[in-house]
Amino acid sequence: MNVKTALILLLLALATIFALVCVLLTRGRAPGTCQHQPPEPEVPEDGRSLVFADLTPEELAQVVRYLQGSLGVPLVDASRAKPSDNCIASVDVQLPAKAEVLRFLDGGGARPPREALAVLYFGDQADPNVTEYVVGPLPVPTYHRDVTVQKYGGKVPYHRRPVTGVEYVAISALIQHELRKAPRFLAVCCASDGTDLAVLTTAPRGFKSGDRSSWFVLFHAVVGTGYYVLPIGLEVLVEHGELDISLWYLSQVFYNGRYFSSMAELEGTFVAGLLEVIQVEKPQDAMVMGSMRPRRPPGAPGPLQYEPQGPRYSIRDNHVTFQGWSIAFGMNPNTGPRLFDIRYRRERIIYELSLQEALALYGSNCPGGMSTRYLDGSFGIGRFAYELVRGVDCPYTATYVDRHYLAESDVPRTNQNSLCIFEHDAALPLRRHFSDMQSLYYGGLRKSVLVIRAVSTLINYDYVWDFMFHSNGAVEVRVHATGYISSSFFHGEGTNYGNKVGPHTLGTMHLHHIHYKVDLDIDGQLNSLEAQDMGYEKLKAPWSLQNSLERPFLRRDRLERENEAAFPLDAPLPRYLSFTGPKPNRWGHARSYRLQVVSSPGKHLPDSSPMERAVSWGRYKLAVTRRKEEEPTSTSVYNQNDPWTPTVAFADFIDNETITNEDLVAWISVGFLHVPHAEDIPNTVTVGNSVGFFLRPYNYFDEDPSVDSPDSTYFSSEREAEACGTNPLACLPAAACAPHLPPFRYGGFLNISLPPPPGRL
């Protein structure tokens, strides 16, 4: 081999090596890889938000062990405890007093001790009652103190406790036993022997304090579909107030507009030919009404939301930050999602933003429907927030967070992936302008929002709870209703109470009322409430006195007392209602946040109703009160089963105290009237079934803070619109950074405890 040949081979080898290096480098930048650099949090994540954190499974277990060894009474695991037993009903975090928390967060004070609130049912006592204990400090408790009298003025009567899973199982067994007394009737009316029927609870349970008497509505049950729209016309009234389950009994039976004292009487009337029976065919799996099974094969995938360079928000423990926002999040097992210490640009705007209650109030010409007023907090809004489905309940690439709780069991449970956090492109400009006069330019800003979401399944309904944070400093709170309607058997004048939606199904009219607590701290704790609205004044035109005009003017009013700030549900709110701080902005106006309610509620329960005080928060579209530690919630889980003597009556919060330069709380009701219709089959869609409110900066800043957003777009006739700096989205390499989708998995069914949740017997 000569030198020339050797040089040629060497050059070829070098070229090959160079080509291989280029290929490897190109593969390193191939589609499907995203160089994600987590954003630097604008608020230090120093663990201070843990003062609001939900209890961990380890902490829950420690509290249970402590109570089992410290109360001196036998405790039965609540998952098998009878009404005559003692048990631990639930354990949740006991939040410290606000003053303690603020000293810690803002004043350099000591971290408040971490404590738990334990609710115990004492059925095995001479005076059965519900008792609440504060247990601490965590993680290793050494003390407990009874706070029941302090909170409620006395022990909570035992009949007010929520119905447990063990009780529902016993009721189901009783109903099954009684159904066997009417075999011929069931065979003819429903093609059933009773064992294939589903039972749905109603509430409240009677007519006076101390009652524990519940109507149960029977439906055809079909595996894999919602039985709530398949009533058979049979309803039974169960008396279940005695501590001895063997003493429970059926006191009345309802069928097709008639009432009977027992199933045996119903059977006898039928056999005697004195009962009109409407034959309801047994549903078939393939044709059943209410089935959500797909009717067509899957089509092409729809649009997919993803982050080109990974999430722009940052999460640590119970704390999320995003473009100036800082939020501590959690979940109360009873009342659901709750947020704390909400700050924008390091300034606290809201100390607490929490769901309080969800009321569903029904009408019907059947006893179960006409008597139903569900207070969902007593069932467990947070407890039944199950795992979310990727790509349906939340964007596929959202961040999913587990939530832990302890209720009706001595063992902590986890609802995995039951809260999601994501940035959402609303596909709408937050603001924009195209200038076609004087100079030619375009300026715009994408509407991108951080969303914190949970979904609660409460018997038949599913509620989507959204908390949204916009780049202009606004907070949006919204609830969407979906799931199944609750129905009655269609008979008589049923259309006075809804629409017929199936061969024998009446979609019963009902109200949804949702209540929220918003503890605002606008430029500090001392706030006032200002109303602004418009009027017209007639005046002669100064330049033409023979003519007059009507000039709009701005009317400003400072609301001084709680009674002035309690707005009835059917009364209009001032068009501008603002929570003001003590300092002005640059232009001399009080720094404020405006409340804007978006709601279409039905009428509240009449004041004459003996149970109205239990839901008296529903009287008001908005009520503003002075904040008090002894008024932490607008309702109580004990109100459901004794609304006639409510444990907490919100109406008592409004006692005409001054609300000028005070620490204020806004209590907000939103809701809508739902008259079910044919399109609610198979189940209700979220479109048009959403309500909520906004908290918007109003002179809080000197200009719109979103001017600092990195998402702004601007170009003019003198600047190339296609330049990369103009719209960075247009400069992503072709097919670059395609989303990496994690495998689709779902374990939500594993989280369902036994015995089954209320209403699923």
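Numbers here mean position along the shown chain, with the first residue as 1.
Cβ coordinates are placed from backbone N, Cα and C, and glycine is handled just like the others.
TrEMBL does not curate its annotations; it predicts them automatically.
Listed in TrEMBL:
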- D376: active site, proton acceptor (ACT_SITE)
- Y461: active site, schiff-base intermediate with substrate (ACT_SITE)
- 73-143: domain 'Copper amine oxidase N2-terminal' (DOMAIN)
- 161-258: domain 'Copper amine oxidase N3-terminal' (DOMAIN)
- 305-706: domain 'Copper amine oxidase catalytic' (DOMAIN)
- Y461: 2',4',5'-topaquinone (MOD_RES)
- 1-19: signal peptide (SIGNAL)
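It is 10 Å from the Cα atom of D376 (active site, proton acceptor) to that of Y461 (active site, schiff-base intermediate with substrate).
Across the domain 'Copper amine oxidase N3-terminal' (161-258), the prediction's mean pLDDT works out to 96. According to DSSP, the secondary structure content of the domain 'Copper amine oxidase N3-terminal' (161-258) in residues is 29 helix, 30 strand, 39 coil.
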